[in-house]
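So that you can see what the record holds, here are the features copied from Swiss-Prot:
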type	residues	note
ACT_SITE	His36	active site, proton acceptor
ACT_SITE	His143	active site, proton donor
BINDING	Lys31, Arg34, Lys65, Pro66, Val67, Asn68, Thr69, Lys90, Arg109	substrate binding site
DISULFID	Cys50-Cys108	disulfide bond
DISULFID	Cys64-Cys119	disulfide bond
DISULFID	Cys82-Cys134	disulfide bond
DISULFID	Cys89-Cys96	disulfide bond
CARBOHYD	Asn46	N-linked glycosylation site
CARBOHYD	Asn112	N-linked glycosylation site
SIGNAL	1-24	signal peptide
Amino acid sequence: MALDKSVILLPLLVLVLLVLGCLGRESRAKKFQRQHMDSGSSPSSNSTYCNQMMKRRSMTHGRCKPVNTFVHEPLVDVQNVCFQEKVTCKNGQTNCFKSKSSMHITDCRLTNGSRYPNCAYRTSPKERRIIVACEGSPYVPVHFDASVEDST
């Protein structure tokens, strides 16, 4: 009888653990927003912007993320890029899209000699067209691929 209960309870326990694991996992779309969206501010030449934001957005835990870009536009405008000019991603995938106009961004690059846990970044505000990879339903940005100068 005890064996019968174990046979029923073990798969149920595994199922519960799988569901709980999925609930706690950040979606790719949410990760994109955490790592790249800063709609509430404008690009800043403040030299500490990247140091503060990279730490605040959990990109300096366990290692220093070498490069990151923050976009200072409304989320809906960045989401709309998924329906603009289709381009090939750096990795060869075909789910990237380029914004039709320039956006305000801030590039953060790890400075030479900077090592974890003392991650130090160079802050570079720019106006560039952005390239993002999109997927899902709804179709939304899940990866920041690049920024390019506006050729117009």
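Cβ atoms are placed via backbone N, Cα and C, with glycine included.
Locations of recorded Swiss-Prot features on the structure.
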residue: Lys31; record: substrate binding site; DSSP (3 states): helix
residue: His36; record: active site, proton acceptor; DSSP (3 states): helix
residue: Cys64; record: disulfide bond; DSSP (3 states): coil
residue: Cys82; record: disulfide bond; DSSP (3 states): helix
residue: Cys96; record: disulfide bond; DSSP (3 states): strand
residue: Cys108; record: disulfide bond; DSSP (3 states): strand
residue: Cys134; record: disulfide bond; DSSP (3 states): strand
residue: His143; record: active site, proton donor; DSSP (3 states): strand
Exercise. Of the recorded positions Cys64, Thr69, Cys89, which one sits closest to Cys108 (disulfide bond) when you measure Cα to Cα?
Worked result: Thr69
Seminar exercise, completed: According to DSSP, Cys50 (disulfide bond) sits in helix
Exercise. How many whole Å apart are the CA atoms of Cys50 (disulfide bond) and Asn112 (N-linked glycosylation site)?
Worked result: 15
For this session: Based on Cα distances to Lys31 (substrate binding site), point out the closest of the recorded positions Asn46, Cys64, Cys82, Cys96, His143.
Result: His143
Problem set entry | Chain-internal residues near Cys96 (disulfide bond), provided their CB is under 8 angstroms and they sit 6+ positions away | Lys86, Val87, Thr88, Cys89, Ile131, Val132, Ala133, Cys134, Asp145
Seminar exercise, completed: In whole Å, the longest Cα-Cα distance within the recorded substrate binders Lys31, Arg34, Lys65, Pro66, Val67, Asn68, Thr69, Lys90, Arg109 is 22
Exercise. Near Cys119 (disulfide bond), meaning Cα within 10 Å, which of Lys65, Thr69, His143 (recorded positions)?
Worked result: Lys65
Exercise. Since the record lists His36, Arg109 as recorded positions, which of them has the fewest other Cβ atoms within 10 Å of its Cβ?
Worked result: Arg109
Exercise. When neighbour density is defined as the number of other C-beta atoms within 10 angstroms of a residue's C-beta, which of the recorded positions Cys50, Cys64, Val67, Cys89, Cys119 has the lowest density?
Worked result: Val67
For this session: Report, as a single number, how many Cβ atoms besides its own are within 10 Å of the Cβ of Cys108 (disulfide bond).
Result: 21
